[in-house]
Amino acid sequence: MEIDLKDKIMKLKKEKNAVILAHFYQPKDVQEVADYIGDSYFLIDVGEKCKEDTIVFCGVKFMAESAKILSPNKKVIFPTPKAICPMANMITKEDVLKLKEKHPNAKVVCYINSTAEVKSVVDVCCTSSNAIEIVNNLESNEIIFLPDKNLGSYIQENTPNKKIILWDGYCYVHNKIKASDIIKAKEEYGNDINVLVHPECRKEVRELADYIGSTKGIINFAQNSNSKKYLIVTECGVIHELKKKNPDKEFYMLDMHCSNMKMNSIKEIYTCLKNYNNEVKIDENIKRKAVRALEKMHSL
């Protein structure tokens, strides 16, 4: 049944001139039918540059929205509309406006993991891989960073000349990991294990890392390192790409499972491609304002 569905998806892709984009955290079978696998920034960039008319975005809602904002003339379909990012929903447009009123001299930087409405009222977006560079390149010394307090504190550590005002948002998958989890894992797997940590983790976890970086950064580090054993401290879906690129290395994961990222399935991909349903729609006014923040990220 699964093989049959995969064949049908491949056929439909050609018929409908569609490209399938899947985030590293997606289920293995979804990654297997994708044309491109990557982090949110890479996938949104691919969607903007690809020749296909239709983008099937397998991730969570903010990613599909961002793809639509930067590719307004393409049809963006989202297999499972209920797959939202809880962190993105921890702040509203109204919250941002109140922060701006309270800190009128501050520039507002939002993590790409935020809604289209929030993106429409900030100065610039960033990703976990370019956040430090973006903040350093802003002229203002006062920066409101939202919604992720953990990534925000990591930025503050690496931009000491800036004052970072944080929002109390977090990724529930990364935020639950504590230093004791890392210590326990090292006791189990050996102190020689390389600990690779996503910056959405708490400071106490980052302090025990051998490397801190985005999902793509973690994959690149493992690929280029001579070490053979790694503890991967991010969502478990990234293991598929790590094993594919490094078959001779050992990877160990913590219990880090994003149920929202796992909502997409090849059945939903097939259904939305077949029926052209679940198209991403964004208010034109919001889209016009949000695109400025995303485009400024490219310029910085």
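Cβ coordinates are placed from backbone N, Cα and C, and glycine is handled just like the others.
If you check Swiss-Prot, you get these features:
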- His23, Ser40, Tyr111, Ile112, Asn113, Ser128, His198, Pro199, Glu200, Thr215: iminosuccinate binding site (BINDING)
- Cys85, Cys171, Cys258: [4Fe-4S] cluster binding site (BINDING)
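Feature map: annotations from Swiss-Prot on the structure.
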residue	record	contacts (Cβ under 8 Å, 6+ apart)
His23	iminosuccinate binding site	Ile37, Gly38, Asp39, Ser40, Leu43, Cys58, Gly59, Val60, Met63, Gly237, Met261
Cys85	[4Fe-4S] cluster binding site	Val60, Lys61, Phe62, Asn113, Asn260
Tyr111	iminosuccinate binding site	Cys125, Cys126, Thr127, Ser128, Ala131, Phe145, Leu146, Pro147, Asp148, Leu151
Cys171	[4Fe-4S] cluster binding site	Pro86, Met87, Asn113, Asp148, Asn150, Glu200
His198	iminosuccinate binding site	Ser128, His174, Ile212, Gly213, Ser214, Thr215, Ile218, Val233, Thr234
Cys258	[4Fe-4S] cluster binding site	Tyr25, Val173, Glu235, Gly237
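Other than the site residues Cys85, Cys171, Cys258, same-chain residues with C-beta atoms no more than 8 angstroms from the centre of those residues' C-beta atoms, the [4Fe-4S] cluster site, are Val60, Pro86, Met87, Asn113, Tyr172, Val173, His174, Glu235, Asn260, Met261.
The Cβ neighbour count for Glu200 (iminosuccinate binding site), using a 10 Å radius over every protein chain in view, is 26. Taking all protein chains in view, 26 other C-beta atoms sit within 10 angstroms of the C-beta of Asn113 (iminosuccinate binding site). Secondary structure at Cys171 ([4Fe-4S] cluster binding site), taken from DSSP and collapsed to helix, strand or coil, is coil.
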